[in-house]
Amino acid sequence: MESYLEENFGGVKAKNSSEEALRRWRRLCSVVKNPKRRFRFTANLDKRGEAQAIKHANHEKLRVAVLVSKAALQFLHGLSLRSEYVVPEEVKAAGFQICADELGSIVEGHDSKKLITHGGVDGIAAKLATSQTEGLSTAEDNIKRRQDIHGINKFTESEVRSFWVFVWEALQDTTLIILAVCAFVSLVVGIAMEGWPKGAHDGLGIVASILLVVFVTATSDYRQSLQFKDLDKEKKKIQVQVTRDGFRQRISIYDLLPGDVVHLAIGDQVPADGLFISGFSLLINESSLTGESEPVAVNEDNPFLLSGTKVQDGSCKMLVTTVGMRTQWGKLMATLSEGGDDETPLQVKLNGVATIIGKIGLFFAVITFIVLSQGLFGKKYHDGQLLSWSGDDALELLEHFAIAVTIVVVAVPEGLPLAVTLSLAFAMKKMMNDKALVRNLAACETMGSATTICSDKTGTLTTNHMTVVKACVCGKIKEVNGPQNASKLCSELPDIVVKTLLESVFNNTGGEVVINQDGKYQILGTPTEAALLEFALALGGDFKAKRGETKIVKVEPFNSTKKRMSVILELPGGGCRAHCKGASEIVLAACDKFIDETGSVVPLDKTTSEKLNGIIDSFASEALRTLCLAYREMEEGFPATEQIPLQGYTCIGIVGIKDPVRPGVRESVATCRSAGIKVRMVTGDNINTAKAIARECGILTDDGVAIEGPEFREKTLEELLELVPKIQVMARSSPLDKHTLVKHLRTTFNDVVAVTGDGTNDAPALHEADIGLAMGIAGTEVAKESADVIILDDNFSTIVTVAKWGRSVYINIQKFVQFQLTVNVVALLVNFSSACFTGNAPLTAVQLLWVNMIMDTLGALALATEPPNDELMKREPVGRTGKFITNVMWRNIMGQSFYQFFVMWYLQTQGKSLFGLEGSETDIVLNTIIFNSFVFCQVFNEISSREMERVNVIKGILKNYVFMAVLTSTVIFQFIMVQFLGEFANTTPLTRLQWLASVLLGLAGMPIAAAVKLIPVGSS
């Protein structure tokens, strides 16, 4: 079976599956009882096609708009323009001078002519009654007026489907429809033959069973849909930095309004349509909107920013003009949300299992109907009454047909693929509580197979709360962890050095020091930038005053490839100065001078260079992150189009930043090791810092290799084959190094790789990995969008929790499959063999529907929602090549099936003498005992299925409330069905002895299951 599934249903991957693979498995699912339910949680490929068409149209529209805009600008150069735009009265009354449609046409159409006629960005800001420096006023009436006129920043979403929609979909089941027709015919013929109410019992029994199945199924599906809706809302939560009332603050993307001033940096998503106010080196990736991968430079000449695009480089301030469904992104998102998520590999495989078993079930159902009916036809033929049919004959034939249809109901395990969804929905909800937000459904199950985790260092293994604790300035090493030490250092340094140091820190930064709403200083920016700014403030610096002394001409932001950030300043006395900071050994290598103890600039000779490199190594060996700060005097009038020079700098100093290891990381790494998961650290930091942290975390062992990115890049393929399995630490790595390592691990070594990332440049590695894990706090929107799971607290221990949940999902589904296949096999064999050898079926349509519900919806609820335990992390991972239906499962299925079939067959043949049954009621009493015993066999088999290999299946059972509730309700309803619903369920009340016998026969399955588990089989 496994090879058939792999060949026909194995084309779907955990992510990035081809459309052909997604379509192929759908075509192969020939036996489907209820397509609406079976394919509910699969991608809508037609809607995706529509979304691609919108992207293509956007690309063409923008291309034409840009060409027209350029031509118009050339034509209009030097002309004075008058606007023919008339402000609508309701817009004027609200205090604005421009409406939403006009704003939309300017930005979306890249209409430079209209922008100029409205007075450029300044004019638009004035007409929107906002300030480019102070931002919006948050007075309640102002916010309300803006929302009324310009709309809110939310997209149209598909409505939450009501419970009755799920009831209607559950009723679409072909077999249930056929049974309903049978019930109707049974009612009509029964009432005509025996009158009301006696003649209606059989028909009403089937109707009641159908309604029970439908309502239980619909309730389960409805709850799942609500869980997915909640998780979908969480996925879309994005916080943005804005200025309002003159203060910088973070607000939800949904609260943005036209007139807001938004601050964007590398990796951010543009949250609405808008106009560029000011910024540096801004490159926008518009591929999400247009499919065009080439980045677009946005500046004063091309100020148009479109919602949903990503900041690839640089930073800027933006004026929001259009929000929500008025933007192209809003329209695209509305279509994309209807496209749905890709189905997971397990869902597809289980659809394959359901199809195979469905075909077998259909075959047996047809044979059963033929065997049951041939007795009736044979008797009619023998009596010469083949053309003479009574109502009783019709009812008997109808009953045979109902039994055949019900065999299909039981035999086609429609619930298998849906059990995956149920288990994933349950796990995703619980993982959310454990600080992990799953964006891609398949990531849950894939994480359970992970064999390698490639983790970042900063913020994942460490706390990301950074402070400058050591500094080497003017050749002196000083402890600076505290305001007193910092002020002491300041008093010992020449004034010119302090001035240059503060100028470097305050200007060459991606962070800011602002006054918050409480009137206190607040440092904004990455933890590294915040640590440096805090250090500069401790030295007595004034951020705003220092920034006001010079003018920033050009900024080259930090990225993982250059490992440095540079800025050009225009000095008040004329001339320019470049400041550079970044990876210590890289920036120091760019220096040819340094500042000595007297504050004089002197050449950097070999001895001093070696001494400074030694200081870098000594800082790094103390697990400190090191940065080197340098400057270079430039000629006046530096052209902004040129690259900032890479050489000829003067070293100002080296700082050591402490970023402590997170509590619990060492234990989590040890847990991974015992679970067979290798943890590798991939960082852009200094190799000595990385090694020190890796040892502290327990990642770097004596036989492990620590290597730097540049050295890794130089290795040949043969060398990599030997090296890659041993790599435990990769330092000074570029995004390409990370991507290469992940690719080798996945393709060459067949590992299932989980990768963490937080920056824009991590996106390729996150995309390449089997499971991309983005950081929720430090992660950029680009990284989060490329990831499958967002770690909300940026903590490595949470990643281990995700792995544990992944394993739990995988094993829970295996348990359910084992349980359901056992019921399938036994129900098929019992009814088929009985029909062949005795001419009647012991389990009626109503009883089989009840059994179907126990094994399908209720079984999935009980077994697919088992919470994870610590034992899961003490076994080897499944990996890429592990079979889903293992030898262990087949052993358990065969053992239990054989026992249950033996019990059923023995009761059928010897039951009457065993229980001393005599008289006219013997057949119905015996069939009730068989039915009761069969149900209790499933109840105790459900308990045995909690563990596939361990004998102790009772451990922790009382803590699983869902399991206990399902078990209790099954037993209670079975009692009611046997004792009180005999007319409808074809049962009769049993004696205490008969009840005891039924329960004991079911209970005996548990020691049988335990004994079977002791039979050794191959692991796969």
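Keep in mind that glycine also has a Cβ here, set from the backbone N, Cα and C atoms.
Note that the coordinates shown come from a computational prediction; the quantities given were computed from them, not determined experimentally.
Among the features that TrEMBL reports, domain 'Cation-transporting P-type ATPase N-terminal' is placed at 117-191. For the domain 'Cation-transporting P-type ATPase N-terminal' (117-191), the DSSP-based tally of helix, strand and coil residues reads 46 helix, 3 strand, 26 coil.
TrEMBL lists 176-193 (among others) with the feature transmembrane segment. If you look at the transmembrane segment (176-193), the same-chain residues 6 or more away from its ends with a CB under 8 A from one of its CBs are 33-34, 170, 199-204, 206-207, 210, 213-214, 391-392, 394-395, 398-399, 401-402, 405-406, 409, 845, 849.
Annotation source TrEMBL lists transmembrane segment at 199-219 (among others).
What TrEMBL lists as transmembrane segment is 356-377 (among others).
Per TrEMBL, the feature transmembrane segment maps to 397-427 (among others). Listed as Cβ neighbours of the transmembrane segment (397-427) (distance under 8 Å, sequence separation of 6 or more from its ends, same chain) are residues 31-34, 37-38, 40-41, 173, 175-176, 178-179, 182, 185-186, 189, 202, 206, 220-221, 224, 227-228, 344, 346-348, 350-351, 353-354, 357-358, 360-362, 364-366, 368-369, 372-373, 376, 438, 441, 444-445, 805-806, 808-809, 812-813, 816-817, 820-821, 823-824, 827-828, 831-832, 835, 841, 843-845, 848-849, 851-852, 855-857, 859-861, 863-865.
TrEMBL lists 961-981 (among others) with the feature transmembrane segment.
Beyond its flanks by at least six residues, the transmembrane segment (993-1015) meets 891-892, 895-896, 899-900, 903, 907, 915, 925, 929, 932-933, 935-941, 943-944, 948-951, 953 of its own chain at Cβ-Cβ distances under 8 Å. According to TrEMBL, the transmembrane segment annotation covers 993-1015 (among others).
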Take the domain 'Cation-transporting P-type ATPase N-terminal' (117-191) and average the pLDDT across it for me.
83
Surrounding residues of the transmembrane segment (961-981) on its own chain - C-beta under 8 Å, 6+ positions past either end:
205, 850, 854, 858-859, 861-863, 865-866, 928, 931-932, 935-936, 939, 942-943, 946, 987-990
